[in-house]
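Peer 1: Below you'll find the structure I mean.
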Amino acid sequence: MQLGGEHGGAGVGEGEAVRGAAAAAAGRAGVDADQAERLQFAGDGAGGGAGDVEGAGERGAGGARPVWIRRSAGPSRARPRSGRCGAGCSRRGSDSGLKVCAALPYSDFVPLLNKTEARLPSSTAPSGRSSSWSAARLALTAFFAVDGFLFASWVVRIPDVRAQVAASHSALGLALLCISAGAVATMALVGRLCLRFGSRRVTVAAVGVLSLAVALPAHTRSVLGLGAVLLLFGAGYGAANVAMNSAAVDLVAELRRPVMPSFHAGYSLGGLLGAAAGGLLAARIDAAWALALAAALGLTVTLTAGAALLRAPAARPRTADPAAEKARSGRSAGLLVVLLGLVALCTAYGEGALADWATLHLTDDVHASAAVAAAGYAAFAFAMTAGRLSGTWLSERLGQTRLMLFGGLAACAGMTTAALAPSVPAALAGFVLVGLGLANVFPLAIARAGAAGGPQGVATASTLGYAGMLIGPPVIGFLADALSLPAALLTVAATSALAGLLAVTVGRHRAA
């Protein structure tokens, strides 16, 4: 009898064949030594019975593929004591087990190989993970929402805190710059923390720090003290954003659906709720109590949602395909992350500019009343929230690259309309179109950066995006003085179109 399927090899005895092949099967099928001793060659197309197959040998050069079966304790109807194989071989069965014929075609063993795959334990079985991942998605959405809520709660109380510390406009500007400094400094570090401790743990810790820090500005009595606590607030805000997005990237991969926009929709909803609650409470309680209530809510969500997030199963190791490995390797991954960071920068540039200049454009250039002008940014924010809520549905139907391209072009058209609009309704319609267009570009850019570079990719893209939000308002201001505010706002249209075109470049680079 010849082992391994090669003709002309040295023959071995039946006992040696069984022992040697059993050892090989043990290594391939992952069974222990006792199980290996109970394995034998099967030469016919039929196995011992359903579920008897343990593993399969390798195909030999002669076309035979020995198949392993477990010996049953009782007689097996699939074990003929005599007869010839389909190739005309005269080898006969015996009580000790069936022998293999090297001339048997591979197709005879297909049913047995199918049983082999069914018999082996599966490490990727869901086993209730789907519901756990749904719970993790809900918990992570709660973290995004509370992040937006806390930031909005602080923003609506800036006038009260400014009066409390008696800060001039320039001094307040320097103090507010500490938020940006703390965020940027932390973003560069938190990617490494996510790699070491896990993005979920860092998310819980960062939102906890942010919740505590939001209550501190109302207790300061000097600009220097305000700057110090805002540095801590910015650090928590930056760390939370990178960690949450890193955790969201992992969850998107587990769910195998482009659900990243839904997380950012939670942030937008939280911001709207925070601004509304802050406005309602402004005339009823002072800043200290309002921010303390916001901090209490943040800590409550951190404890409850954090417990659910940490209980969820860890991300499974995924089998890497060559294309993904190529995209993640070295310079390729670095280039992708930088391009996606530029997409985030262009998008955040528009968001920051509209937050500060939309109302002024409506009052100064379109001659809207103060009440109507206040609705300008609100229309933009509501449209962005609606766009993100539908982002998963749109991504699944259009594809992420097309959605980013169409979004950038739509925002370009909307901003051009709003900047050059001769009437208030036209300007408001333009702001709505900008919100819908930009809604999903930033979340998808961050998601792709995380897929290409992991937590460090999220940190890099987030830092570039935050830089865009910082430079947007002052650039618009300088251009408005040099030219006009409508002309300056056209730069938002240009950067929006650039974001869409960069997304196409990223898509082609990934496909290459």
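Using N, Cα and C of the backbone, Cβ positions are placed for all residues, glycine too.
Note that the coordinates shown come from a computational prediction; the quantities given were computed from them, not determined experimentally.
Here's the feature list from TrEMBL:
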type	residues	note
COMPBIAS	44-63	compositional bias 'Gly residues'
COMPBIAS	70-96	compositional bias 'Low complexity'
DOMAIN	136-511	domain 'Major facilitator superfamily (MFS) profile'
TRANSMEM	138-158	transmembrane segment
TRANSMEM	170-190	transmembrane segment
TRANSMEM	202-218	transmembrane segment
TRANSMEM	224-244	transmembrane segment
TRANSMEM	265-283	transmembrane segment
TRANSMEM	289-312	transmembrane segment
TRANSMEM	333-350	transmembrane segment
TRANSMEM	370-391	transmembrane segment
TRANSMEM	403-421	transmembrane segment
TRANSMEM	427-446	transmembrane segment
TRANSMEM	458-479	transmembrane segment
TRANSMEM	485-506	transmembrane segment
Peer 1: Based on Cβ pairs under 8 Å, which of the stretches 138-158, 202-218, 333-350, 427-446 lies most in contact with the transmembrane segment (485-506)?
Peer 2: 333-350
Peer 1: Per the definition of 3+ C-beta pairs under 8 A with sequence separation of 6 or more, do the transmembrane segment (333-350) and the transmembrane segment (427-446) touch?
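Peer 2: By the criterion, they touch.
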Peer 1: At a Cβ cut-off of 8 Å, and with pairs 6 or more apart in sequence only, do we get at least 3 pairs between the transmembrane segment (458-479) and the transmembrane segment (170-190), yes or no?
Peer 2: yes
Peer 1: Which residues, given as numbers and ranges, are at least 6 beyond the ends of the transmembrane segment (289-312) yet have a Cβ under 8 Å from it?
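Peer 2: Same-chain residues near the transmembrane segment (289-312) but 6 or more away: 132-133, 135-136, 138-140, 142-143, 145-146, 149-150, 153-154, 157, 200-201, 203-204, 207-208, 210-212, 214-215, 217-218, 247, 274, 278, 281-282.
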Peer 1: The transmembrane segment (170-190): which same-chain residues, six or more beyond its ends, come within Cβ distance under 8 Å?
Peer 2: 158, 162, 202, 206, 223, 226-228, 230-239, 241-243, 455, 459, 462-463, 466-467, 470
Peer 1: Do any residues of this chain, six or more beyond the ends of the transmembrane segment (370-391), have a C-beta under 8 angstroms from a C-beta of it, and if so which?
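Peer 2: Non-local partners: 258, 260-262, 264-265, 268-269, 271-272, 351, 354-355, 358-363, 403, 407, 424, 427-428, 431-440, 443-444.
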Peer 1: So which of 202-218, 265-283, 427-446 is most in touch with the transmembrane segment (138-158), counting Cβ pairs under 8 Å?
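Peer 2: By the under-8 Å Cβ criterion, the transmembrane segment (138-158) pairs most with 265-283.
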Peer 1: Return the average pLDDT for the domain 'Major facilitator superfamily (MFS) profile' (136-511) as a whole number.
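Peer 2: Residues in the domain 'Major facilitator superfamily (MFS) profile' (136-511) carry a mean pLDDT of 88 in this prediction.
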